[in-house]
Structures are given as structure tokens and as C-alpha cells.
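According to TrEMBL, the protein carries these features:
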type     : residues : note
TRANSMEM : 30-51    : transmembrane segment
DOMAIN   : 44-296   : domain 'G-protein coupled receptors family 1 profile'
TRANSMEM : 63-85    : transmembrane segment
TRANSMEM : 105-123  : transmembrane segment
TRANSMEM : 144-166  : transmembrane segment
TRANSMEM : 200-221  : transmembrane segment
TRANSMEM : 241-261  : transmembrane segment
TRANSMEM : 281-299  : transmembrane segment
Amino acid sequence: MLEAPLSRNFSHCTFVLRGFPSLQKHRRLLALPFSASYLLVLLGNSLLVYVICSVERLHSPMYLLICTLCFVDILVVTTIIPNMLLGFLFDWNEISLVGCLTQMFFIHFLSSVESTLLLAMALDRYFAICRPLRYNEIINSSMLVRLVLFTLVRSVSIMATLVGLAGSLQFCGSNVIQHCYCDHMALVSLACDSTSRSSAAGLAVIICFVGADIPIIFFSYMKILSVVLRSAAAGEDSRKAFHTCSTHLIVMMCFYLVGSITFLSHNLNIPIPTDINNSMGLMYILFPATINPIIYGVRTKEIRDSFLRIFKNRAKKIMTAKVSSAGKEKS
């Protein structure tokens, strides 16, 4: 790896990912919790996708949005964790500039898609609870098609611009990225020339997603909570509604707040230690992906009942097959 500054006519084509620099001696131990988290993400989200796809009565807009959210969670975590584990276990830390930019695009693109899905889910619940008579008129297949087009246009155009600006920079100094993956500002901070356009693009991303999505999500949940609390006849229903809405908001705030801080720490010169910045950069992606199957799966009665029904049917088929097999052997 190259640490000393080189000629400005030279630009690195290969970089070294160095996540958690102060814990390099214990990097193999770091692989254990992240491997466990990755397996939990794959298991929980895949199971939820399977249940929703298998049960026809769950093919409504809300559950399809949850299914898509789980699929996106699997993709974004897979974009980061396997490569990071290879670095921890086998010191395979090198990545080409093209590979780095590709990883950067998919991480930020999928995160922006997740933001749009959270927004869509909040609006879906708002119309279902606060405007039930207009729900079927507004939330339908054509709306889902428009949502897909809006997501693709917004996310692809903004993230392609962000990555394109980062790729146009010259990297003539250090080629060591102080992160576990190709974070936008972690790469841009290594550039020799002016990074003002890339920094402005980073701020634009926060404004377009966090600044636009968060107020709508927060307003939707506040309206939902107020309607439910007014209409709930029993105190238990009120507590359940409050707990559900507050849980959703806490997970969303973790996604948006922690993600924004890590994304803007370089732009705003926030003095965050590298290891903490690495942890926050992983937490805002891993934590929601790990906890979403519990919030939207285990805590949702329709999905929980469908899972139990599928499990019981499979167990019944296995027992029937074993009994049939034993009967044939005896005869």
C-alpha cells in the first residue's frame, strides 16, 4: 500500500480497506459477531419473504412493501459483509477503484430505496387508518408502479451523480480507505484535488432523502397515533398502538440519524474517531436489517399466524411421511 504523497499526475487504481484500525490485531475476532449478524439477517429476512410470497392473502400492498424491504435489506448487507469478512479473516483488503465505486453505488442506492420503502409504508398505514374510505382508491397497483418508477428515477439519478463525481477525482496520496467498505466521503477524503462538488452532492443526498422523507414519515405516524388513541376503547389497545408506532419510529430514526451523521461527518468536520465512525456506518445498515423481521414479522399477527400455519403443515407432512414409511417397512 502507498502512504506517501505522489505526483498529482498519478492516481491510484487500487485501494486498501482498513476498517477498525485500532483493532487490527483482533480483526479475526471481529468476524464472529458480524458473521452471526449476517446469518441472522439472511435467515430472518429470507423467512419473511418466503412467508409473504407463499400465503396469497398476504399479497396486499402493505405486505408486499414489507417483502420488498426485507429483500433490499438482504442485498445491502450482502454488498458489505461478505467482502468485509474476507478482509478480517484472510487479509483480502484490496479493492479496485471500479470495484469501490460499484460497491459505493449499490450501498447508497439500496439505502435510498429503503428510505423510499419506509416512506411508502408510513403513507400506506396513514391512508389505511386515517383515510380508510379512500384507501383502495389511492393504494392500488398503478400507485405501486408509480412508486417503483419514482424510486428508480430518484435513487439512480442522485446516486449515479454522487458516484460519478467521486470517480472523477484524482487520488495521488494515500490509498488506504479508513472504513470497512467504500463509503462515499471515506474515499473522497483521499482526493488530491477539490472535493467541493462531491461534498455538495453528499449534502444534496441528505436533503433529498432525509430532509424530504423524515418529515412525511413522522407526520404520518403522529396522525396514525392520534387517530388510534382517540378511537381505542380499551387502554390495552392504546398502549399497543403507542408501542408499535414508537418502535417503528425508533428503528427509522436509527436508520436516518446514524446514517446522516456518518454520511456528513467529513462534510461538517465532526471529530468522530475512526472506529466509532466505522461502527456507526455498519450499525445504520445492520441494525434495521436485523430488527425489521421482528418488528414487521413476529409482531404482525397476520404474518405470525401464517408462519405458524406453514410450520405446522410442514411438520404434519413430515410426520405423515415418516408414519407411512414405517408402515411400509413393517409390511
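Quick reminder: no glycine exception, Cβ is built from N, Cα and C everywhere.
TrEMBL entries are annotated by machine, without manual review.
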For the domain 'G-protein coupled receptors family 1 profile' (44-296), provide the mean pLDDT of the predicted model.
86
For the transmembrane segment (144-166), could you work out the same-chain residues 6 or more beyond its ends whose Cβ comes under 8 Å from its Cβ atoms?
61, 64, 101, 104-105, 108-109, 112-113, 116-117, 120, 184, 187-188, 197-198, 201-202, 204-205, 208
So which of 63-85, 105-123, 200-221, 241-261, 281-299 is most in touch with the transmembrane segment (30-51), counting Cβ pairs under 8 Å?
63-85
Contact call for the transmembrane segment (241-261) against the transmembrane segment (63-85), three or more Cβ pairs under 8 Å
no
